[in-house]
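Single-structure report; data block below.
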Amino acid sequence: MQILLANPRGFCAGVDRAITIVERALEIFEPPIYVRHEVVHNKYVVSKLREAGAVFVEELHEVPDDQIVIFSAHGVSQAVRQEAKDRGLRVFDATCPLVTKVHMEVTRASRKGHECILIGHAGHPEVEGTMGQYNNDEGGIYLVESPEDVAKLEVKDPGNLHYMSQTTLSVDDTADVIDALRQKFPDINGPRKDDICYATQNRQDAVRELASDADVMLVVGARNSSNSNRLRELSEKMGTPAYLIDDASCIDKAWLEGHEKVAVTAGASAPEVLVKEVIAKLQEWGGKTAVELSGREENITFSIPPELRPHPVG
């Protein structure tokens, strides 16, 4: 059995930054450090941070007064920011800078009274945070997930429309929705480049390359991870069966029966240690040395807040 490794895979710069912010806050200020929502969507990561003293909550009312709170990589609404400010909570913001970029697009449109259409998945925390940047009763913000949603959509002023998207969507599906928007609203404005982040794009490109050669695909990632789910869907769309797994213990040996080439990738919030455990399990079952495909190099990094940066010694 051959093991093919996607490249790139796993942690992106935004996830790295978010985890580092929590780790540094724990080191400097000591537990408990409160985090609104899972800082990234991965059970292993959240469990490790919880063991170190992070307390994960869903709403700010769960955070005691005079405490530190960290906003997750997915971002929060203006209302949540205002609530934290009103309560005097000390905030460290782990929102991915690429999500913040989308927030700024919405804020600019809102100030002008223009309407916004967000392409995204209902209920995802990133979508809730982005929708929550809009604050103008004269306009409006609408959520669509598919061309069918676009067909049913009615807006106030088709001449003053902007679209933006969740950063972790399927590249292909988003292109279909944008095409539908442009067809229905010819004057709609959008970002020069779509809002899907570089890491989402790169990991989907790697799966596209792998799926054409593999018999089955294992995607390391959490059920609530948007970008991990898109990797599984893309593989299946290309005709290669794919399974989303939290870790090696989730692999069913029956999935591999009759297959010579097993591909392994990981979502942007899945650590490499979980990938290594998957490879070890496959090798226990007769897998050969894993072969990593050549892929796009990623050298993007995002800085953490100044108060959390290590101070030079001497």
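From the backbone N, Cα and C atoms, a Cβ is placed for every residue, glycine too.
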For this session: Report the candidate from His74, His103, His162 that shares the isopentenyl diphosphate site with His41, His124, Ser225, Ser226, Asn227, Ser269, as recorded in Swiss-Prot.
Result: His74
Exercise. In Swiss-Prot, Cys12, Cys197 are given as binding [4Fe-4S] cluster, so which of Cys96, Cys116 is in that site too?
Worked result: Cys96
Problem set entry | Inter-residue C-alpha distance, Ser269 (dimethylallyl diphosphate binding site) and Cys96 ([4Fe-4S] cluster binding site) (nearest angstrom) | 12
Exercise. So how far apart do the dimethylallyl diphosphate binders His41, His74, His124, Ser225, Ser226, Asn227, Ser269 get, largest Cα to Cα in Å?
Worked result: 15
For this session: Take the C-alpha atoms of Ser226 (dimethylallyl diphosphate binding site) and Thr167 ((2E)-4-hydroxy-3-methylbut-2-enyl diphosphate binding site) and report the distance between them in angstrom, rounded.
Result: 9
Problem set entry | Neighbours of Asn227 (dimethylallyl diphosphate binding site) among the recorded positions Cys12, Cys96, Glu126 (Cα to Cα, within 10 Å) | none
